[in-house]
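Down below is the structure, laid out as structure tokens.
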Amino acid sequence: IRSETPRESDHSGEVKRGQVILVAYLIATLELTFLFMQIGVMPYLAKSLGLDSVGFGYLQTTFGVLQLVGGPIFGRFADQFGNRAALILSCASGSAFFLLMSISTSIPLLFLSRLPAVFMHGLPGAQKVITDLTTPSQRADALGKLGLCFGIGIIIGSALGGVLSTKFGLRLPCFLPQTCINRILINMSSSVGTLQSGSIFSIREILRLMKFPGVMEVFMVKVFAGLPIGLFLIMFSIISMDFFGLEAVESGYLMSYFGVLQMVVQGLVVGKLTNHCTERTLLRLSVFVFAGVGLGMALMRTVWHYCIIAVPLVFAFSMLGTITDSILTKAVPSSDTGTMLGICASVQPLTRTVGPTIGGILYKQFGVSSFGYLQLIVNIGLFVYLLKSKIPLTEIKS
């Protein structure tokens, strides 16, 4: 029997790594599709149970807080128990989430259905798999392709949720994901990590990562660069009705447009740029484009203006997220990449938690243009800071 040569062994390992990464992409796509299915149905389900707009805001805030708390803990869990265990935990939590939502017959039960969201982190789980199985030079491109999964999730999830709820009732789009996720749990195939010593719920370990050189600075850029736009997007359902005068169907078309943009930018643009430019250059570019987006938003008056602004907006969001995740995972030991990705994943829940209050005040007191001016001022400041500093500390061409 002929033994494998080193070259054949390397090729076999490369094929297996590629297969595992494809599975990670598939899991992320399915989870995002299911998530957007319930996002489209949730307002109608809440209204049918007698929940008013204020109560619905509390429901969304509850979801944001749980995701904010659970992100770093989930990342730490992935570092301790491995990628497969982490993805199984995420899928199991998703299954419980959709099951409870599908049987919610009262407002308290609807709030209770949010609890499993604390460990619903399929996207960070997929990022952890990709981070572990790619070289530093491949990482930004591979992480960027997850945005393609996000775009697919927006388009298919939003459309499927609307069709199923119209034809079969509001609860089917909640029950169907639970059934599919159970199948994923049975057939789960991913990389297996080794158990390490240490506490999963160690805040000290999480804070320790922020002390590595350059980590806190890049993380702060990640948080503040997109915060004003994040506040705008949280208020968009109200802005689309009051400012743009859109109907529900037209808002759905606009969301699909965003999904297509996300797929094109992440699939065709981000990957090519990461192969030809340094991370420092791309970080500065994304912040500079964000500043331009802020100026455009301050001046926009119609939905057509917004459709034009959406192109650089999606580009800046995608580039900033991909590059900062890549920089931060390279800045910490490989044994801590899961925790770092969990911390990164907590940025959006943080925005969802504080967004309704701050965004509501800005919109009511100063109007839509205030989001644009705030975006412009914050990102000009960040751009000047990045020009004067050497962040990231090393010039790495992704």
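Glycine residues also receive a Cβ, built from the backbone N, Cα and C atoms like all the rest.
Annotated domain 'Major facilitator superfamily (MFS) profile' per TrEMBL: 17-393, in sequence order. Taken as a whole, the domain 'Major facilitator superfamily (MFS) profile' (17-393) shows an average pLDDT of 80 in this prediction.
As annotated by TrEMBL, transmembrane segment applies to 20-45 (among others).
The transmembrane segment annotation in TrEMBL covers 57-75 (among others).
For 87-111 (among others), the entry in TrEMBL reads transmembrane segment.
If you look up TrEMBL, you'll see 142-164 (among others) marked as transmembrane segment.
Same-chain residues lying 6 or more positions outside the transmembrane segment (218-239) and placing a CB less than 8 Å from one of its CB atoms are 210, 251, 283, 286-287, 290, 293-294, 297, 313, 316-317, 320-321, 324, 327-328, 331, 343-344, 347-348, 350-352, 355-356, 358-360, 362-363, 368, 371-372, 374-375, 378-379, 382, 385-386, 391-392. The annotation transmembrane segment is assigned in TrEMBL to 218-239 (among others).
Residues of the same chain lying 6 or more positions beyond the ends of the transmembrane segment (251-270) and with a Cβ under 8 Å from any Cβ of it are 40, 140-141, 144-148, 150-155, 158-159, 162, 237, 240, 303, 307, 310-311, 314-315, 318-319, 322. Here TrEMBL flags 251-270 (among others) as transmembrane segment.
Remote same-chain residues near the transmembrane segment (282-300) are listed as 218, 221, 225-226, 228-229, 232, 273-274, 306, 308-309, 312-313, 315-316, 319-320, 323-324, 327, 368-369, 371-380, 382-383, 386-387, 391-392, 398 (criterion: CB distance under 8 Å, separation of at least six residues from the stretch ends). TrEMBL lists 282-300 (among others) with the feature transmembrane segment.
The transmembrane segment annotation in TrEMBL covers 306-328 (among others). If one looks beyond the transmembrane segment (306-328) by at least 6 residues along the same chain, the residues whose Cβ comes under 8 Å of a Cβ in the stretch are 127, 139-140, 143-144, 147, 214-215, 218-219, 221-222, 225-226, 229, 244, 254, 257-258, 261-262, 265-266, 269-270, 273-274, 279, 282-283, 285-287, 289-290, 292-293, 296-297, 300, 340-341, 343-344, 392, 398.
Summarising the annotation, TrEMBL assigns transmembrane segment to 368-387 (among others).
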